[in-house]
Amino acid sequence: MRYLCRAQLLSLLLLPLLKARLSVPAHPIPQSFLPLMISTWNYTDANREAWTVLRQGPRRTRQAVIQGCLHCQNSNSCGRLLGGHSAPDSSGGITLEAALIDGANMDYGAVAGMAGIRNAIGVAHDVLRYTNHSLLVGEAAARFAEAMGHKKEVHSLSTTLDVLLPWLLGKCQPNFWRNVRPLANDSCGTFSPLPQEQQQREMRQEYPIEPGHHDQVGFLALDTEGHLHAASLSSGARFRIPGRVGDAAVPGAGIYADNQVGGALATGDGDVLMRFLPALLAVEALRAGQSPASAAEAVMRRLLRHHTEFNGGLVVVSRLGVYSAACAGLDEFQFVVSGESSGRSMRRVEGIKCLDRHEVVTGGPRGNFYVVSKKIWAAGGEDVLVQRVEKITLNEGVDSREFEEEYLEDKDAEIDVDEGEKAEEVRSLLDESPGDLLLHQLGLAPPFPFRFPFIYF
């Protein structure tokens, strides 16, 4: 028993060293550097606007984060999607969502799916101030906004059509449907559910986050007295299904703050963020005694274990102004930091490299992988997707990036069969009849025929 205790102690001491290559370093901000303003992505103008308000004195955190959102929603300095009505849903509707949280008393106000009102963050502020609710949505949110004095506006139809028409002419690709007919990869609908026996194994299509084309931004302000506010603003995912609510409006998904411990901003695939509430998880990790760096990495690893294809980032700030970040699926995750020391202001764009999702999930590729290299159609009752499968065996220690470059370039899709009964089933079928294989019969085929990055199930 004594030996086991020593081994456990040794492993605990060595764990930070073993994880050092993946860790994201914390950036301590001395007390004299407070107040502190952090915003996601590299939108320096919006951060500057928020910082101008924050540095006016204590208890300006709420107005500071609101000012940052106002700058984004009233200009194109935070990208076309946020300021230019360029993120319609699949029916051409333009809606906004926003949220605001007070770290002193946990008051929260948010709106989602709100059309015709530009000042989404202002309406969210009114929900926080004038109601006992936390979230209003849809047409009712717009009516509430008008009752609070916000003017209804007509969005630019030409700007929306410039985005929507090419998408419609391209058979509505990409979209957010799956397991429907007609096939979502080749049609704009109207869709209906596929019979249960024809539905494919669940697999997400992740859309890349392009620099300067972000549909969500978050702001977090901390003053010298320890007051925290966080706010978020989003135009929603482009070509989303009408009625969809995003992470920017959901408590703990995009933003969270608690004066007692700190706050967090999360951004990326909103549908994944809403399932895990990473901003809340990060703040609770701080409460449990973790540093911002370890909290950010732990939360990101948790997301990746369940959604290996996730793209996004997370910034975590302690109540003392120490901050760190973690990300996945991006070349680099950037955020803007402003602070003050001895009357002198500083502002910088921070950039971090993301975790290697392959190593986070599996420690590197090994075992049997099946690369779908060709798709053909065969008739029989109903059309059936036949996929030609190439068997590839990797030994332990093969570098994941080398594997991608050598085997996966220009492939239509890739899948990894988990160890277990289904994997054995696939192996036996391949041994008996290598070549064409009806993967859908085993429930292993991805949705047709989107292109996928290298994905671990």
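Every residue gets a Cβ built from N, Cα and C, even glycine.
What Swiss-Prot says about this protein:
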- Cys72-Cys78: disulfide bond (DISULFID)
- Cys172-Cys188: disulfide bond (DISULFID)
- Cys327-Cys354: disulfide bond (DISULFID)
- 1-20: signal peptide (SIGNAL)
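When other Cβ atoms within 10 Å of the Cβ of Cys78 (disulfide bond) are tallied across all protein chains shown, the result is 29. Here the Cβ of Cys354 (disulfide bond) has 20 other Cβ atoms within 10 Å, regardless of which shown protein chain they belong to.
Least packed by the Cβ count within 10 Å, out of the disulfide-bonded residues Cys72, Cys188, is Cys188. DSSP assigns Cys327 (disulfide bond) to a strand in the three-state reduction.
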